[in-house]
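Student: Before I ask anything, let me first share the structure, which is written out below as structure tokens.
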Amino acid sequence: MKNPEKPLLLFLILASSLASMATAKSTIEPCSSKDTCNSLLGYTLYTDLKVTEVASLFQVDPVSMLLSNSIDISYPDVENHVLPAKLFLKIPITCSCVDGIRKSLSTHYKTRTSDTLGSIADSVYGGLVSPEQIQVANSETDLSVLDVGTKLVIPLPCACFNGTDESLPALYLSYVVRGIDTMAGIAKRFSTSVTDLTNVNAMGAPDINPGDILAVPLLACSSNFPKYATDYGLIIPNGSYALTAGHCVQCSCVLGSRSMYCEPASISVSCSSMRCRNSNFMLGNITSQQSSSGCKLTTCSYNGFASGTILTTLSMSLQPRCPGPQQLAPLIAPPDNVPKELMYLPSPSPSPSPEFDDIAGGGSSIAAVPAASPGGATVSSSNSIPGNPANGPGGSISIASCPLSYYSFIALLIPIGSCFFVF
């Protein structure tokens with residue numbers, strides 16, 4: 001007599017094996033407070049999309065998204081510019097503490113015709129989330145059939161690690177590993193080291209697989225604004241920009257240093273006074289005067305935004321010698337295409353050369369000469385942006401996240417800690 005349980009047992013073993021083959025790892029940061037931090041998502045466009053359409057996918061400000069990628073916002077109608085498929089962007093998000101771990105739940109998605117949880121996770125959001133994670137985040141909604149217009153919460157990975165990496169200011173990027181990536185290539189691309197990446201992600205060995213999500217520390221400039229300022233804690237990664245004070249102020253991280261430089265933004269909005277009190281200095285003005293005793297510097301600096309007022313500080317200092325001009329990251333023109341010959345190269349170095357600077361991470365690289373304004377003039381670069389992981393950030397853990405796709409034969413969710421496996 002045949003054992004009816006044997007085929008079922010073999011079936012479950014096979015299903016389990018297939019599921020484990022599709023398992024990806026991600027780093028989770030435990031937390032206990034209600035504080036938030038700025039974080040970044042590494043996102044590769046799955047199709048041509050307008051700037052506003054990309055921003056809408058993540059419910060972020062389109063102008064801030066452009067500046068996070070050093071894209072010039074002075075171009076006419078830049079928010080409706082069509083960005084090419086395969087372009088890699090850094091998406092600025094707010095990282096919260098939810099159910100004891102760091103994640104972002106501020107992104108919502110309305111389903112469209114032919115959507116599945118798999119296509120939403122793998123295609124629309126580029127593997128930053130799994131179908132199972134979407135299902136868990138929307139457990140009160142019947143997802144057996146996705147009706148057009150169903151509103152879904154999209155849980156996205158993020159990390160804070162106290163805004164530091166090896167005791168230096170840092171912002172963390174959630175990066176989805178591609179098939180051609182190596183740890184050395186990722187480390188080189190984002191100006192870090194394999195050892196640091198391994199420590200931050202609590203990896204026993206620097207082994208990665210496609211679909212893994214790494215927390216990548218980006219060196220940054222931190223602010224020192226008063227706690228009552230709405231932009232208290234602003235941190236900007238090197239080579240990027242940030243808008244603050246209601247789009248009135250544009251800040252950057254000076255290349256080769258940890259100094260944040262702020263000046264009036266290049267977009268037209270109604271703003272409060274940007275003049276330093278009891279002076280003729282405007283926000284961002286710096287003067288130097290060399291004398292026999294040294295260099296006298298006078299600076300009108302940004303000090304935060306509070307109650308609709310732009311706070312400024314006038315400071316004077318004496319230094320041994322006068323500093324050279326600010327070395328700020330070049331702004332680039334809104335990209336129209338992604339060079340095919342660069343689309344599938346391994347992660348390149350972020351170090352600028354005379355011809356290229358990489359902004360197209362997961363998909364490709366784009367020429368990053370200073371952007372030419374619509375009138376033909378060159379736009380001067382006038383700004384930039386932004387774990388205690390000497391032995392890895394305290395409390396960071398690597399776990400196996402959920403499989404990236406469903407298996408059609410049976411859907412059996414087995415919760416294990418913070419992860420769900422689908423057989």
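Here the Cβ of each residue, glycine as well, is placed from N, Cα and C on the backbone.
OK, Swiss-Prot features for this one:
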- CYS31-CYS97: disulfide bond (DISULFID)
- CYS37-CYS160: disulfide bond (DISULFID)
- CYS95-CYS158: disulfide bond (DISULFID)
- CYS97-CYS160: disulfide bond (DISULFID)
- 107-154: domain 'LysM 1' (DOMAIN)
- ASN162: N-linked glycosylation site (CARBOHYD)
- 173-216: domain 'LysM 2' (DOMAIN)
- CYS221-CYS253: disulfide bond (DISULFID)
- ASN238: N-linked glycosylation site (CARBOHYD)
- CYS248-CYS276: disulfide bond (DISULFID)
- ASN285: N-linked glycosylation site (CARBOHYD)
- GLY394: GPI-anchor amidated glycine (LIPID)
Student: Cα within 10 Å of CYS95 (disulfide bond): which of the recorded positions CYS31, CYS160, CYS221, ASN285 qualify?
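Tutor: Those near CYS95 (disulfide bond) - Cα within 10 Å - are CYS160, in sequence order.
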Student: Return only the integer: C-alpha distance in Å from CYS248 (disulfide bond) to CYS221 (disulfide bond).
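Tutor: So the Cα of CYS221 (disulfide bond) lies 20 Å away from that of CYS248 (disulfide bond).
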Student: For the disulfide-bonded residues listed here (CYS97, CYS248, CYS253), tell me which residue's CB has the most neighbouring CB atoms inside 10 Å.
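Tutor: Most Cβ neighbours within 10 Å: CYS253.
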Student: Taking DSSP states H, G and I as helix and E and B as strand, how many residues of the domain 'LysM 1' (107-154) are helix, strand and coil?
Tutor: 15 helix, 8 strand, 25 coil
Student: Mean pLDDT across the domain 'LysM 2' (173-216), rounded to an integer, is what?
Tutor: 96
Student: Between C-alpha atoms, which of these recorded positions comes nearest to CYS31 (disulfide bond): CYS158, CYS160, ASN238?
Tutor: CYS160
Student: How many Å lie between the Cα of CYS158 (disulfide bond) and the Cα of CYS253 (disulfide bond)?
Tutor: 22
Student: Between ASN162, ASN238, ASN285, which of the glycosylation sites has its C-beta surrounded by the fewest other C-beta atoms within 10 Å?
Tutor: ASN162
Student: So, three-state DSSP: helix, strand or coil for CYS221 (disulfide bond)?
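Tutor: The residue in question, CYS221 (disulfide bond), is strand (DSSP, three-state).
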Student: With a 10 Å radius around each C-beta, find which of these disulfide-bonded residues (CYS31, CYS221) has the fewest other C-beta atoms nearby.
Tutor: CYS31
Student: Cα distance, CYS97 (disulfide bond) to ASN162 (N-linked glycosylation site), nearest Å?
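Tutor: With the alpha carbons as reference points, the distance is 13 Å.
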Student: So which one is it: of the disulfide-bonded residues CYS37, CYS160, which has the fewest other Cβ atoms within 10 Å?
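Tutor: CYS37, out of the disulfide-bonded residues CYS37, CYS160, has the fewest neighbouring Cβ atoms within 10 Å.
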